[in-house]
Amino acid sequence: MHTPRWAILAYVAIVIFGCLAALPSMLPSAMRQQFTSVLPFEPVTLGLDLKGGSHLVLEVDGAGLQKARLNTLLDDTRRVLRGERVSASSARISGNTVTVSIPDPADREKVLPKLQELATPVSVIGFGASAPEVEVTTAGDVVTLSLTEAGLADRMTKAVEQSLEIIRNRVDQVGVAEPLIQRIGSNRILVQLPGLQDPTRLRELLGSTAQMSFHMLDQTVDVTQPAPRGVEILPGADDGNRYPVESRVAISGERLADAKVGFDQRTNQPVVDFSFDSLGARQFAEITRENVGRPFAVVLDGKVLTAPVINEPILGGRGQISGNFTVEEATVLSALLRSGALPAPLTIIEERSVGPNLGSDSIRMGLYTGLVGFGLVIALMVVLYGAWGLIANVGLMLHTVMTIGVLALIGSTLTLPGIAGIILGIGMAVDANILINARIREETENGAGAMKALDLGFNKAYATIIDANITTLTGTILLFWLGSGPVRGFAVTMMLGIAISMFTSVTIVRLLMREVVVRRKMKKLEIPSLFGRVPKLPTISFMKRRYQAIGLSAFLSISSVILFFTPGLNYGIDFIGGIQVEAVSKDRISLPTLRQSLEELDLGEVALQDFGGGQSVLIRVQRQPGGEKEQTAALSRIKDAVTAAVPDATLERTEVVGPTISSELARSGSLAVGLAMLAILLYIWFRFEWHFAVGAIAVLLLDITKTIGFFALTGVDFNLTAIAALLTMIGYSVNDKVVVYDRMRENLRKFKSMPFSELIDMSINQVIARCIFTSVATALSLVPMAIWGGEVVRSFAWPMIFGVVVATTSSIYIGGPILLFLSRWWKDREAGRSGAQEAGTPTA
């Protein structure tokens, strides 16, 4: 097949563009800084697990937002009643509504149009229409104002958008470089701050609503007694006192114009100096003039920061907040006041942090394991295909470079699982080259000339490559759709790897091989291994041993199911929630001392895992009752306990996953596996026949149960990374099955009269070398990650290696017998139906 010159030029342009996009990411940092002005693209962004930093997921409190809106609606309703001089027997909040009882019919008719004006229209997303925020109805003498779903959704959208801007302002105030702040879902915000190892200040900065107001104190009230109407008893922020605060707001925090850190001239203690806008300054002057000698409370989020006595009128619109602050606390408070109050409380539902040392170690481990894995795959290709393997390796190198380039172009974040995805993508890209070279060898053995063998080999391999890649993409797309964070990063690199391998392996390698054939004027295309001609494997009769194979497979799967229940899976923090902290010390850590210190906190079950020669300890604490706020409070206590027990310890990694996130992750992980299997079933059914699809799913279930048994037996954490491994194993396993089934389908067309059992044996023997070579290549790319890749990648690599072995053996020994059984069962069933119809007997 001749390739037009314009197509060749387009391919070259794509390759050059991809290499240029990857160049900034592949240069050393010192060199990259020197040539920043001339480099055409930005380098790929590294995730927090590679460079250190903090990651928080915050959720807007919908209940708090609704409560605030109902209170505002009640105030507006009372304002309307006062304005119209209408007397109501009651006006109160009831559930999701505000109810007003107006006995006089004339007053009801008079006030109803004004109340309906409170029902402002809001846009309905996706429909281009509008709906009222409030629905006003009457029943007897009661007027009901109900918040609508459209109104609540619109208010949530605006609250999230406003919260995003306020969070950006707060982060900018404390000077964190390159923050990532974005919306996820309808009511959540993701905040990632590189380089910020301890997120304590970040939690204070982002978790605080910063609703500030100024109130007078009622000194006639006894704080030990129930508060009278119009007064609230509020706690002090840090002094343990209780204050009788008037409910009426003297000055709103919205009137603040500026706030900054200062120092008290008498005590030299940090304070926060603030100033009001013009209206606030006038209000402040009036209040201080009228209340000389009375205490004036500064309230932030329901706590009294300070309550100084007004000694004289303050006319300049300036004041000072003191409260035994540290410089850092004063900085955070001033940033909160400058950026304004959040429209609704934010709850931290997920928190993770990685220290810079652990991040740099991860970069080194990821780089080393990647290079070693890549080197092993390249060596295997040369061993298998000699000089032609070098051409395949050019395609693999371009595949890797272009994957990095596209990651940089689309602004994707590269994480440790993402590196694992790249390495695994390389291993699976080898599959295309192995299929192509095996097909070319077959055509050459059948007497085809060099050019014909090249064209037929690529054409016949192409259909198999397409089917195999689509089945792998199915699971990967679902992983991207349902996953989050690093798992989604893994899915992105896998999807890119599969798509780019179609270009490099099928297009670029074909062009290069064709060029060699033309330039050397080759008559016959021989592809020997590095050590000469590849010997043929002996023909094996797999169907004769089908009962032993299925029996052993069933035994292992049943054993795995038993292991699933007893002892069960070691569920990670992603699925059960809780707290996980990695502490590292220069000296050996005493586990008994640390355990005693942690158990004194009375936080429930505490597990310690010693690794790193006794200088590193992984601490796990069960999920705390009381929700996400209790989780965050428990983390602070754990950090204090670790510091007390091991003074020189550094916390290299912390993770807090609340019940909301953990239940969602468990649900989405299970859904991803189920949907992946359903999608694969439908695709194979569409491309082959129903018994091929059912056979593939049956073998796949056996593979999955054995892999889950591996998790249960070894105690490897079953977390989001494990789900990534499981879904990748599913894609890889089906990839293998499709290659075998594709050869069976081809042979069914050629040998229509051959017994099906013999045809299955022949097909498996034809592709067994490909199955083994691909498995070895994939395993070689994974072994360095399993040995040196660190805890996160290791929990992915070992199950994947096991999955590769299981998938390969099931493709060879299990898939064929199940297909044979289904085929014979269907033929017997159809024969029975035909016999019954001929005899005139009704069929069941």
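FYI, residue positions are counted from 1 along the chain as it appears here.
Glycine is treated like the rest: Cβ placed from N, Cα and C.
TrEMBL labels come from automatic prediction, so no person has curated them.
Taken verbatim from TrEMBL:
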DOMAIN    160-218  domain 'Protein translocase subunit SecDF P1'
DOMAIN    232-344  domain 'SecDF P1 head subdomain'
DOMAIN    347-513  domain 'Protein export membrane protein SecD/SecF C-terminal'
DOMAIN    639-824  domain 'Protein export membrane protein SecD/SecF C-terminal'
TRANSMEM  6-27  transmembrane segment
TRANSMEM  367-391  transmembrane segment
TRANSMEM  397-430  transmembrane segment
TRANSMEM  461-483  transmembrane segment
TRANSMEM  489-513  transmembrane segment
TRANSMEM  547-565  transmembrane segment
TRANSMEM  665-685  transmembrane segment
TRANSMEM  692-712  transmembrane segment
TRANSMEM  718-735  transmembrane segment
TRANSMEM  767-790  transmembrane segment
TRANSMEM  796-822  transmembrane segment
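Of the Cβ pairs linking the transmembrane segment (489-513) with the transmembrane segment (6-27) and spaced 6 or more residues apart, 3 or more are under 8 Å, so the two regions touch. In this chain, the transmembrane segment (547-565) touches the transmembrane segment (692-712); three or more CB pairs sit within less than 8 A of each other, excluding pairs fewer than 6 residues apart.
Helix, strand and coil content of the domain 'SecDF P1 head subdomain' (232-344), in residues and according to DSSP, is 29 helix, 42 strand, 42 coil. Sequence-remote contacts of a segment are chain residues at least 6 beyond its ends whose Cβ falls under 8 Å from one of its Cβ atoms, and for the transmembrane segment (397-430) they are 15, 17-26, 41-50, 362, 366, 369-370, 373-374, 377, 380-381, 472, 485-487, 489-494, 496-498, 500-501, 503-505, 508, 721, 724, 728, 732, 735, 774, 777-782, 785, 789-790, 792-793, 796-797, 800.
If one looks beyond the transmembrane segment (461-483) by at least 6 residues along the same chain, the residues whose Cβ comes under 8 Å of a Cβ in the stretch are 428, 431-432, 435-436, 438-439, 490-492, 494-495, 498, 501-502, 505-506, 668-669, 671-672, 675-676, 679-680, 683-684, 687, 720, 723-724, 727-728, 730-732, 734-735, 738-739, 742-743. 796-822 is the stretch from 6-27, 665-685, 796-822 with the greatest number of Cβ pairs below 8 Å to the transmembrane segment (767-790).
Within the same chain, residues 417, 420, 424, 542-543, 545-547, 549-550, 553, 691-692, 694-696, 698-699, 702-703, 706-707, 710-711, 714, 716, 721-722, 724-726, 728-729, 732-733, 736-737, 739-741, 744, 756-757, 760-761, 763-764, 768, 771-772, 774-775, 778-779, 782-783, 785-786, 789 sit at least 6 positions outside the transmembrane segment (796-822) and bring their C-beta atoms closer than 8 Å to a C-beta of that stretch. Mean pLDDT, taken over the domain 'SecDF P1 head subdomain' (232-344), works out to 84 on the 0 to 100 scale.
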